[in-house]
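Engineer: Provided herewith is a single structure, encoded as C-alpha cells, for subsequent inquiry.
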Amino acid sequence: MDNDSQYSGYSYKSGHSRSSRKHRDRRERHRSKSREGSRGDKSVTIQAPGEPLLDNESTRGEDRDDNWGETTTVVTGTSEHSISHDDITRITKDMEDSAKLDCSRHLGVVIGGALALLSFLTPIAFMLLPQILWREDLEQCGTACEGLFISVAFKLLILLLGSWALFFRRPKAFFPRVFVFRALLMVLVFLLVVSYWLFYGVRILESRDKNYQGIVQYAVSLVDALLFVHYLAVVLLELRQLQPQFTVKVVRSTDGASRFYNIGHLSIQRVAVWILENYYHDFPVYNPALLNLPKSILSKKMSGFKVYSLGEENTTNNSTGQSRAVIAAAARRRDNSHNEYYYEEAEHERRVRKRKARLVVAVEEAFTHIKRLQDEDQKNPREIMDPREAAQAIFASMARAMQKYLRTTKQQPYHTMESILHHLEFCITHDMTPKAFLERYLGPGPTIQYHKDRWLAKQWTLVSEEPVTNGLKDGVVFVLKRQDFSLVVSTKKIPFFKLSEEFVDPKSHKFVMRLQSETSV
C-alpha cells in the first residue's frame, strides 16, 4: 500500500495472500504509469481488535486485500459528521414547520369531527325537540310512525360505520394544501344541515306543528340525504382514482434508479404521497458509497503543457504555431481512464464473487451445525437452547465472512451486528434455510427493509410549477426533495386506443403442399 501504516501483532500472512499479491502486482504494472505521482500521503492507524465486529466506520474495503481486516479495524482521521450554522438554521426551520403541520392537522380533525357529530345528532334532535317542548299537543304516533323510528336507527348506524371507515382513518401524510374534494364535501354537509335546521326552525318550531309523523319523516329525509352525500364521497375520494389515466416515471436523481406507475385522477400532492408509499418498497435502498468511481480514476491528473517564447519578437508567430501543434497533439492523445475503470470493475466483481462464495459456504456450514445441535437436544433435554442462544452460537463461524462481504459490497452501514443476529434468530425460529437467511444480504433490498434510522425522512419537500391542488395533466413534472437526493416525477397521459375487428373464416385455413423433385416427404 502507498499509505504509511502500522500493523498490529494480530496480522499475519498466508499463501493465499501471496498469490493475491502476485495477481495484484501484475495489475499494478499495467497501470503504474497512470498512477505514479497522483497519490497523496495518507496516514492510517491499525488498532488491535476490541472494536465491534461490524464497524460502520471501516468502509474502505476496496483498498484491502483478501485477508485485510480479519483481526484489525481501520480508523482514519477524516470526520464524517459536521454541523454548521446553516444546518442549525435548517433544523430550526424544520421544527417550526412540523409544529405548524401538527396544528393544521389537529384543526382539520376537530372541524371534521364537529361537523360529523352535528350531522349525526341533528336527525335525533329533530325527533326529540317536539317531545320535549310541546309533548301534550302532539298527535299520537301510529304504527307507520313507529316503523320510521326503526328506519332512522338503522340508517344512522350505517351512516356512522360508513363515515368511520371512510373519513376517520389515520392520515398517511401531511398535505401542504387542503384536499379539495374533502373540503367540498364538508361544505356540502354543512350547507345541508344548516338548510334543514333553518326550515325546521321556521316551519316546525315556530308553528309548533302537531303532526309528529310528518316531523319524523322530515328527519328520515335528512338521514337519506346524508347517506347520498356519503355515497358521493365514496365516488369522489375512492372510486374516481381507480381507473388508470396517466403513467408516471419516477427517477432518483443520484443513481438514476427509476420505476413506472399507472395512476388515476389525483391531485399533485396526493400523487406525491402515493409515490412515496411505493418508493419505500419498490426502490432499492439509497447507498451513496456506490456512486463514487474508483480512486485511481478520480485522482488521475490530466497532463498539461506550458509553452514559453524565449526568442526575439520576430519569432512570436513560429512559437505560437509550435504551441498550437503541441496542444493539438496532446488533445489527440487517447485518455486511458476507461481502461482503468474497466480493470477496477473487473477486480471488484472478482472480489465480490469470491467473498460471496465464502459467505455462502460459511452460512451453509453454520446452519448445518445448528440443525445437528437440534437433533442432539432432543436426546439431551438439559442442553436445549432458545433461538437467541442458537443464533449467538453459530454467528461467530460466519461473522468474518459476513463482515468482509458487506465491506466489499459497501452494505456495511446498513447492517449492524445486532440486526444480523436478530435476523438470524428469526430464521432459526421459523426453520428457514440458509438461502432465505442470505436473501437480505446478497443484494440491496427495498428501503423499508432496513432500520428506519437509515432511511427515515421526517419531511419531504414538494417542488412543482403547478399548484399542488390541481389534478395531473400530460407533461406535468414535479420533484420530491430531501436532504441527500430527490425524486423527479414526469407524467404522460395513457394514449387512447382504437381497435378494429377483422373476421377470419375458420374454413379459409386450407393449404396446398407444393412438391418438387428435391422435396422429401
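The backbone N, Cα and C atoms fix where each Cβ goes, and this holds for glycine too.
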Engineer: Under Swiss-Prot's topological domain names, is LEU107 on the same membrane side as PHE174?
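Structural biologist: In Swiss-Prot, LEU107 shares its side of the membrane with PHE174.
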Engineer: According to Swiss-Prot, which stretch among 94-97, 310-313, 466-469, 518-521 corresponds to the feature motif 'PDZ-binding'?
Structural biologist: 518-521
Engineer: So which of 109-129, 148-168, 219-239 has the most C-beta pairs under 8 Å when paired with the transmembrane segment (179-199)?
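Structural biologist: Maximum Cβ contact count belongs to 219-239.
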Engineer: Six or more residues beyond either end and a Cβ under 8 Å away: which residues meet both conditions relative to the transmembrane segment (109-129)?
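Structural biologist: Those are 149, 152, 156, 159-160, 163, 167-168, 186, 189-190, 192-193, 196-197, 200, 205, 215-216, 218-220, 222-223, 226, in sequence order.
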Engineer: Same chain only, please: residues at least 6 beyond the ends of the topological domain 'Extracellular' (200-218) with a C-beta under 8 Å from a C-beta of the stretch. Say none if there are none.
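Structural biologist: Counting only partners 6 or more residues beyond its ends, the topological domain 'Extracellular' (200-218) has Cβ contacts under 8 Å with 126-127, 129-130, 133-134, 137-142, 144-145, 148-149, 152.
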Engineer: Using a Cβ-Cβ cut-off of under 8 Å, list the residues of the same chain that are 6+ residues beyond the ends of the topological domain 'Extracellular' (130-147) and lie near it.
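Structural biologist: Answer is 204-205, 208-213, 215-216.
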Engineer: What are the DSSP helix, strand and coil residue counts for the topological domain 'Extracellular' (200-218)?
Structural biologist: 13 helix, 0 strand, 6 coil
